[in-house]
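Chemist: One structure, as structure tokens, below. Some questions next.
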Amino acid sequence: MGSSTAEESSIPPESGPPAAPPATPAKAKAPESVPLRRHRPLLLLVTEQTTSSVGRQVTALALPLLAIAHLHAGPLGASALMAMTYLPGVLLSPLIGVAVDRARLRRMLVAVSWLQVPAIGSVPLAAALDGLTWPHLFAAAAASGALNSAQGVALQSCLPRVVPPDRLLPANSSLTGARTIGLIGGPALGGILIGLIDPAPALLVECAAYLIGGALFLALPAALNRSAQEAGSGARTRLDALREGLAVIRRETLLRRQALAAAGLNLGGGAGGGLFVLYADRELQLSPWQLGTVYAAYAVGMGTGVLVATSVTRALGMARAIRLCAVGAGAALFLIPAASLGLSFAVLVLYQLLFGLMATIWSIAMTTGRQLVTPAHLLGRVNAFLQAVLTATLPVGAFLGGWLASRVGIVPVLVGAAAVALAGASSLWFPRDMLAEIERAAERKTVPEKP
């Protein structure tokens, strides 16, 4: 099942430091009007995201197969290895956000990309020398996961500094499209490589992808080597910086609603996703080719969402698109248990198409809205905090869904998961003036430095 594509988090407590005022940096000279297809910094980012996402998908397939082949991993070992790729991002995200806001972004992006090479490359080297161990594999997975989290936060903070505010929406669509290519092509490439060679050498694909990615980041504008925090943050210690990031989430209604909606959608989506294959196989008795077709339908829906996100969001308005698509994604989850009533194959294909379409448009619009309402010098901390809860809620939902299904059955849990997702998405309908909030944010944003 396709998982939620949002990049959100939970709502901070109502108590805390007073809200920091929006940053008011000096206005930069407006860049020349250049079509995005010829916008050099965006093209560099899109190329890097395409390359690295393919590499990550190959590694996601090769790493557990390597553990099974060389270390005789069972279910617990394979699950623990997957958890190690996510856990550092959850635990370190607040500090990553502070680092991103204080860092010279171009140097940071190059560094985290090239540091992936020894982290991942050490695994096939150890396997070739017959010295691969569980501690080594866990350490490599954890290091790679932390670096991936840092890169994700830095990229979301980088884009508004190289693309004008009025072009953030299509630019985010382009980056999502690049990652979609990796989601579709990466597993296929990984399967072919692992079928031809051992899983260990297949990991070298990601090493090559990160070498290329670092070189692409190195070609980004030199303006990115100015720290965003120079724009006007008064925070001196890391704790003050963390509080400042939480303050902007408390102040901006859109960010609070984004956090709540993402938590609900990812808890429900995680529960449904964890049970999806078991449900399709045992309850619905789908054949392997039918299950493969169902998964392919999600890729089609996601790709369609990338293509139409800009036009749909502009036609409906950003707030309406966010609300309607979030609720549409949550409501689509009810089609999973509905498949048990009949026409299961067709219903699941329809579910994947609708969920892929709605969740993708919602994610793109939400990311753009977050970039518009968040002051530039706080964007890293806000992105990191929201990403941490996104990363945490999916596995929590999967675990809770599995635990409950073992006691009450799969179908009741799927209905409950859909209800949780829809409830979270519905929070975006309040307050009703969220559209005006986004419009005010768009008006007060300054134009980024000329590339």
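A Cβ is built for glycine as well, from the same backbone N, Cα and C atoms used for every other residue.
This is the feature table in TrEMBL:
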- 1-13: compositional bias 'Low complexity' (COMPBIAS)
- 14-24: compositional bias 'Pro residues' (COMPBIAS)
- 1-33: region 'Disordered' (REGION)
- 76-96: transmembrane segment (TRANSMEM)
- 176-197: transmembrane segment (TRANSMEM)
- 203-224: transmembrane segment (TRANSMEM)
- 259-280: transmembrane segment (TRANSMEM)
- 292-309: transmembrane segment (TRANSMEM)
- 321-339: transmembrane segment (TRANSMEM)
- 345-365: transmembrane segment (TRANSMEM)
- 385-404: transmembrane segment (TRANSMEM)
- 410-430: transmembrane segment (TRANSMEM)
Chemist: With a cut-off of 8 Å between Cβ atoms, can you find at least three pairs linking the transmembrane segment (321-339) to the transmembrane segment (345-365)? Only pairs 6 or more residues apart in sequence count.
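Modeler: Answer yes, regions in contact.
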Chemist: Among 76-96, 345-365, 385-404, which stretch has the most Cβ pairs under 8 Å to the transmembrane segment (176-197)?
Modeler: 345-365
Chemist: What same-chain residues lie close to the transmembrane segment (410-430): Cβ under 8 Å, and 6 or more beyond its ends?
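Modeler: For the transmembrane segment (410-430), the sequence-distant neighbours (Cβ-Cβ under 8 Å, at least 6 residues beyond its ends) are 257-258, 260-265, 267-269, 271-272, 275, 278-279, 283, 322-323, 326-327, 329-331, 333-334, 336-337, 340, 397, 401, 404.
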